[in-house]
């Protein structure tokens, strides 16, 4: 298997982008990535695009053909990848495997979602849950994650203040990200006193409905220096995936994402490092409780200790003796354009590890040169992990 490198990244702003169409968004992100990578359209061997539900959100299926056409890249093969909110990272994983296998040399991995054109986005998103045993009975993702939060609070003594601090830190980081949907600060009191959604979660514990797109250019590591300076090349040391039950009630423990534990353990093994070597992480905080759970499941602290870690501010950008988590603002504040999220997470790590000017105001301390991203589909039925390094 060949080593795989990232040589370019581009994204749109995330938010309610009324004037931009579905096709406008992915073309903008793709063009930015191609320019950043210093490649031509003719260099692209294939494209993999993550999209959860173009059919429900904008009435458009067969998006692979649409994107190749509107990007001006026909007849380059383009494949749409779907795994709920993990669609983007699985598109990247497909791209990584195609390059590592030697089948392709230069590949575009992208993600896109246009969520604000549908009347009831919550119902559309619920299609990623178990339709017979969850959605049929009225369960939505806010209610499912609320059950996870309530159980975690009961089992480990997590306080509402500790849970809410996650959102406070996320918004603080997002003020330094020009692409973020919610680039404003908030307070503990504002988070706790926001409109209730599903007890114990308020609106400010939840990620928003977002439009947006993101794209990465990956290539054979031996070819990377043909396009990018050596100090601007970031290497994908591991791309792993694991599955779990789609329905929350079938899990042995709803306070952990077993697929995240399995996928991250595989990633650490492939990269031959321990969790302590990670400098920066982007985790899937679709709801604040999931951020805390992933901090534990990725091995950054013991089970039940995440609340204390968050309350002490250890995940903050300016805290040197712990992994920096979600410097972008995460899904909570940067936005969650479903199919684009997994790519955006890895794009943030790409910027962070090469200490790019794009993240100069939110730059994490890079000591060991490693970053990890965990992208979750549903309530953890699918998890994809990417581990990056600034060293080959």
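Going from the start of the chain as shown, residues are counted 1 onward.
Using the three backbone atoms N, Cα and C, a Cβ is placed for every residue, glycine included.
CoA is bound by 206, 207, 209 in Swiss-Prot, and the record lists one more residue there from 314, 332, 354, which is 332.
Binding of CoA is attributed in the record to 206, 207, 209, 332, and the widest Cα separation among these residues amounts to 10 Å. Between the C-alpha atoms of residue 206 (CoA binding site) and residue 336 (active site, proton acceptor), the distance comes to 10 Å. Proximity of residue 332 (CoA binding site) to non-local residues of its own chain (separation of 6 or more, Cβ distance below 8 Å) is seen for 166, 167, 170, 171, 182, 205, 206, 207, 285, 288, 291, 326, given in sequence order. Minimal Cβ crowding within 10 Å, among the recorded positions 206, 336, is found at 206.
Cβ neighbour count within 10 Å across all protein chains ranks 85 highest among the recorded positions 85, 209.
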